[in-house]
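Colleague: Please find one structure pasted underneath; my questions will follow.
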Amino acid sequence: MSAGGSFRTLRLLVMVSLCVFISFSAAAASSPAQEKDSAMENIVTEKKAEESHRQDSADLLIFILLLTLTILTIWLFKHRRFRFLHETGLAMIYGLIVGVILRYVVQVPRDASVVSTNCFVNASPATLLVNVSGKFYEYTLKGEISANEVNDVKDNEMLRKVTFDPEVFFNILLPPIIFHAGYSLKRRHFFRNMGSILAYAFVGTVISCFVIGLLMYGCVVLMKQLGQMGEDFFFTDCLFFGAIVSATDPVTVLAIFHELQVDVDLYALLFGESVLNDAVAVVLSSSIVAYQPQGDNSHTFEVMALLKSFGMFLGVFSGSFSLGVATGIVTALISFLFTKLRDFQLLETALFFLMSWSTFLLAEACGFTGVVAVLFCGITQAHYTFNNLSPESQDRTKQLFELLNFLAENFIFSYMGLTLFTFQNHIFNPMFIVGAFLAVFVGRAANIYPLSFLLNLGRRNKIRSNFQHMMMFAGLRGAMTFALSIRDTATYARQMMFSTNLLVVFFTVWVCGGGTTQMLSCQRIRYAVSDLQIHCSSLYRVGVDSDQDNSVNGSERRSTKQESAWLFRIWYNFDHNYLKPILTHSGPPLTSTLPPCCDPLARFLTSPQAYENECQLKDDDSDLILTDGDISLTYGDITVSTDATGAHTSGRHASDDLDRELAYGDNELVMRGTRLVLPMDDSEPPFTDHLRM
């Protein structure tokens, strides 16, 4: 190699080394700066996370304080015996006050980090990845805002923080409310009026839905002609509005009824209707949303699409019903088989709670309706599983779900008042609001009066006209209407429905709920005169089953015992003789009810506790049978039957204790599944006089 070539090679190596040295030097010089910027960015992120955590804590504290204030005021109202306003109405008032404060008094500093940029895409993605200086950040979709509200987003951070995801109501707050309704159902009065309750809940809700939908469609057409309608509002939207506003929630009225000891049949009709029609309204609204005719126009009338929606209604309701009952039976079997679980009451209660709540989520995950499933799960749990629980767990489960129901219900009503001012997409149209109020009352009247007339044709204990007026007046709207309305507020029509439904709920809770006592007096419906008499009556009749009628004398009770449906009597015999012995430790042993050829199977399926209680009347639901002539209960070698007058006969001479248990029918005490009878002299004047006001 020549000297010139060596020199050039050496020079090239020197230049390469120099470039590498400069690069490393520059990197070394810039590395501290980049690390410093990254550290500052991490500090800013941590500060934002801490501020967000504090803000979320403050938002939750607002609701806790609302509930605390509501509870204290409830105590004051009960202490002073005020009945013109229920706790749900109080919760709404406090929510309104806090909403006004958050909207107009509290000033949150503008968030300078909110940046508005334009991005042209064909659809709104649920998740958005944003590249900021080489770093990718993930953002989730919260909802659509109108163009004239873009600049207000920076100033409404507090209002958006106190606006909950609608799924919170459906998955967390609604299940304990619905389950408690089924779990605490007074079954004797419910089944006494079962036919009427089913008519009001199913047929009446459908009638109310279509009457309200047709009236609102006429209102919408008139609004379009007058130029009062901003965007599209179709007939299916009107039917959807009719479905969700047909869900009644007379919690205020029922609380006053319970306190005043109003006629139990009226109580049962209202409570049973409200429990079942919530489930019907949920399934009905889902069926209306699923209405999809063929073609481009999805709002035209088509017979096949209508039949498909009707089939979906039946399928979803029956599937949800079956799932709820199946889950209740599975829980009963678990508590029946794992008898040692009774020794650990905390585990027993926790398992009961989780199985009950999972029913709602399982139904929703399977495409059914969780409201229907958890309702019938609660009824099944009360009928079977409750008998297998230890006495401590029985008390715990009742108190647990009563507490959850109270807190969830008051939380929802507080949030209703809050959203009147914090919800940012309200659309209040005076003409639509007036039409909605008229349609709601006409729909309620179309539900109550025609059905009552038809039902009275077959009832011996007629639904009197004053009862009908009271049921018409007591058609309050509440948590279910609100939850169904807030679940979807993406379109113009849904936003208008939500705003209008809020006003409907406020009016019915405050005006109709607050006027319950006056309406009872106006309709001359009897109730206890004073709180002292109520208290003393409960003390005097201590131990009486809460499922009983404390205000109806024996002759009235016997007169209503002729109203039980024959189908239910057949079901009762089957349930008492076969299902309860298999699923619970109560009822007669299967060896007494199955044919002799099935003795091996009967001995295998019957629990030892059933043999121990063989000669005891272990059926808590014997009072469900209101026509006793066709009933035959078997306990070992004793067959107890009743005639239409209520007299009891037996296949052999029974012991004195059993005679005492079966001889009297009016005053009963339930202790560990055994119905004991406390005889009272009918000649004695009742302690509480029930006057006609």
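These residue numbers are counts, starting from 1, taken along the chain as shown.
Placement of Cβ uses the backbone N, Cα and C atoms for every residue, glycine included.
So TrEMBL has the following annotated:
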type     : residues : note
SIGNAL   : 1-27     : signal peptide
TRANSMEM : 60-77    : transmembrane segment
DOMAIN   : 70-521   : domain 'Cation/H+ exchanger transmembrane'
TRANSMEM : 89-106   : transmembrane segment
TRANSMEM : 168-185  : transmembrane segment
TRANSMEM : 197-223  : transmembrane segment
TRANSMEM : 312-338  : transmembrane segment
TRANSMEM : 350-379  : transmembrane segment
TRANSMEM : 400-421  : transmembrane segment
TRANSMEM : 427-446  : transmembrane segment
TRANSMEM : 498-517  : transmembrane segment
Colleague: Restricting to CB pairs under 8 Å, which listed stretch, 89-106, 168-185, 312-338, 427-446, 498-517, is in contact most with the transmembrane segment (400-421)?
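Modeller: That would be 89-106.
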Colleague: Hey, would you say the transmembrane segment (168-185) packs against the transmembrane segment (60-77), going by three or more CB pairs under 8 A that are 6+ residues apart?
Modeller: no
Colleague: Which stretch from 350-379, 427-446, 498-517 shares the most C-beta pairs under 8 Å with the transmembrane segment (197-223)?
Modeller: 427-446
Colleague: Restricting to the same chain and to residues at least six past its boundaries, which positions have a Cβ under 8 Å from a Cβ of the transmembrane segment (427-446)?
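Modeller: Residues 207-209, 211-212, 215-216, 219-220, 222-223, 226, 228-230, 241-242, 245-246, 472, 475, 477, 492, 495-496, 499-500, 503-504, 507 contact the transmembrane segment (427-446) from elsewhere in the chain.
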